Amino acid sequence: MFSRPSLCGTVGKLCRCGTSATGKTAVAAATVPTARHYHEVVGDIICPSQVRGIDHIRDPRLNKGLAFTLEERQTLGIHGLQPARFKTQEEQLQLCKIAVNRYTEPLNKYLYLSDLYDRNERLFFRFLSENIEDLMPIVYTPTVGLACQRFGLIYRRPHGLFITYNDRGHIFDVMKNWPEPNVRAICVTDGERILGLGDLGACGMGIPVGKLALYTALAGIKPHQCLPIVVDVGTNNIDLLEDPLYVGLRQKRVVGREYDEFIDEFMEAVVQRYGQNTLIQFEDFGNHNAFRFLDKYRNTYCTFNDDIQGTASVAVAGLYASKRITGKSFKDYTFLFAGAGEAAIGIADLTVKAMVQDGVPIEEAYNRIYMVDIDGLLTKSRKVGNLDGHKIHYAKDINPMSDLAEIVSTIKPSVLIGASAAAGIFTPEILRTMADNNERPVVFALSNPTSKAECTAEDAYKHTDARVIFSSGSPFPPVQIGDKTFYPGQGNNAYIFPGVGLGVICTGTHHIPDEMFLIAAQELANFVEPSDIERGSLYPPLSSIRNVSMNIAVGVTKCAYDRGLASTYPEPQDKRKWLENQLYNFNYESSMPASWVWPRMPYIKTREESPLIAAIK
């Protein structure tokens, strides 16, 4: 939806002239030059000699709608192509609000915003950035999940690159087709685990598109520097394979060595095309691949996995904020995770780092975290399930248990975190047990979309006598309990990844350590005001994300230079001002080429002109 390739116009063919057999010159072939559609600008710098007047209306990056002044309309040759009314950008924003609110269905609002971006880039991003509380659920969760499910139906035009398994050996050639020369951030998915919806194959494009729209709206990263990509290796979703509207490869997923070699080629092609410091954000890969790729590439590429590290950072920020309510430190907490996938493991790993930073020995930190997967509690003696990869760190030497209610009753956790995509597993019984065992129980229901949440905000407050410290991954409406209204905070990754991305891009960081995500969590927690906590939220209002992102970017920038990870030198002294100078401008700029006045030349008497022949002699 919100990212668009810059498609250059067709260049007219030259006439080919030749000589006939009789010696007379004849036109062997003559073609009328094909008129280009329009010259769509690329990069940061617009070349006025390459942009026609009509391009300013047709190119979304140049278009200002009715905001063109009379001088601009007349000089550019577009006067008369628009009605007589002149509108400021502020007036256009008011019209956008009216237009989007006409629609009652979220998917229709999504399509309206998509159309707005396709015709007026600056207006779209300013509208999104200034109305983030209302529009975040539209451009991202939960509506983006529905957009992915309907992708084959709503697809209109290219929104990013689709690199298929059939392109192996030619991935760099495909990437050359993206006309932007200065891409700094790539968000890539293979569509295998889209939110909590499962394998959506090529329809998962909505996720990287939405993520990168938030890069610009929330952190001011220039939109032309962002590139959404789907690596299409097929899908195992039978419904999609049989769906006549499916737009991806109609085949089962490629797996094993062939799949790994394909991803290797993709990573190498990114570096060949855009350079070693290009940020590559992995998004919604299957659990069995997400950690493998993070471990494989994190020390050789500028990369991170938002499902693992971004989710971890925003969750740990909520845990930091919860300490202000419970009055306890991390060493007093016992954690139980419902779910042992990439999100849960990521949160647990970063929680361990946070505890160690607070002075807790690492072994004790691991011992305070319990984890449940589909086969029950992770224990060293259980006979079912596996303890592959990072799970082994959280396996306990206790008797196996499979019933979540029994596990909660036995372990008595002070913090219950859901990252299972199993709707409703935090039953009233479990919530009451949490309340019986804790004065202020901490419950995070983080699964997306809303239909996959482990419990609703209303259930969490209702079954804990409103003593719960609650957070969710998707938005929930306010909850009225007695005479008090609670406004549950959403632990949205959008608090984290735009700011991290801004700091990484501007500094030219070549590797991204977990320390940066712990810094991001701390910066986010520091932004939480007492008034936020009083209203029931562990996070600041969504309207403040731009300020949060800048604080995170400053922290990441300091870390990059302190750790020797940056490649942009010299190191700026005033890092905040330096970052601000690199942000995208949401406001309209003049469409007129720059002009200036030359001083009058001084009078100098010249000699008489002499004939050329005389001069030669």
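Cβ atoms are placed via backbone N, Cα and C, with glycine included.
Going by TrEMBL, these are the annotated features:
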DOMAIN    117-298  domain 'Malic enzyme N-terminal'
ACT_SITE  Tyr140  active site, proton donor
BINDING   Arg193, Asn448, Asn492  (S)-malate binding site
ACT_SITE  Lys211  active site, proton acceptor
BINDING   Glu283, Asp284, Asp307  divalent metal cation binding site
DOMAIN    308-561  domain 'Malic enzyme NAD-binding'
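On the structure: features taken from TrEMBL.
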{"residue": "Tyr140", "record": "active site, proton donor", "Cβ within 10 Å": "23"}
{"residue": "Arg193", "record": "(S)-malate binding site", "Cβ within 10 Å": "24"}
{"residue": "Lys211", "record": "active site, proton acceptor", "Cβ within 10 Å": "29"}
{"residue": "Glu283", "record": "divalent metal cation binding site", "Cβ within 10 Å": "26"}
{"residue": "Asp284", "record": "divalent metal cation binding site", "Cβ within 10 Å": "26"}
{"residue": "Asp307", "record": "divalent metal cation binding site", "Cβ within 10 Å": "25"}
{"residue": "Asn448", "record": "(S)-malate binding site", "Cβ within 10 Å": "25"}
{"residue": "Asn492", "record": "(S)-malate binding site", "Cβ within 10 Å": "26"}
Using C-alpha atoms only, work out the spacing between Asp284 (divalent metal cation binding site) and Arg193 ((S)-malate binding site) and round it to an integer in Å.
5
Could you pull the average pLDDT for the domain 'Malic enzyme N-terminal' (117-298)?
96
How long is the line from the C-alpha of Arg193 ((S)-malate binding site) to the C-alpha of Asp307 (divalent metal cation binding site), rounded to the nearest angstrom?
10
At its widest, how many Å does the recorded (S)-malate site span between Cα atoms of Arg193, Asn448, Asn492?
18
Looking only at C-alpha atoms, tell me how far the residue listed as 'active site, proton acceptor' is from Asp307 (divalent metal cation binding site), rounded to the nearest Å.
12
What is the interatomic distance between the Cα atoms of Tyr140 (active site, proton donor) and Asn492 ((S)-malate binding site), given in whole Å?
10
Could you give the Cα-Cα distance between Asp307 (divalent metal cation binding site) and Asn448 ((S)-malate binding site), in whole Å?
11
Residues close to divalent metal cation site centre defined by Glu283, Asp284, Asp307, Cβ within 8 Å:
Thr189, Arg193, Ile194, Ile207, Phe282, Phe285, Ala290, Asn305, Asp306
Measuring Cα to Cα, tell me the gap between Glu283 (divalent metal cation binding site) and Asn492 ((S)-malate binding site) in whole angstrom.
14
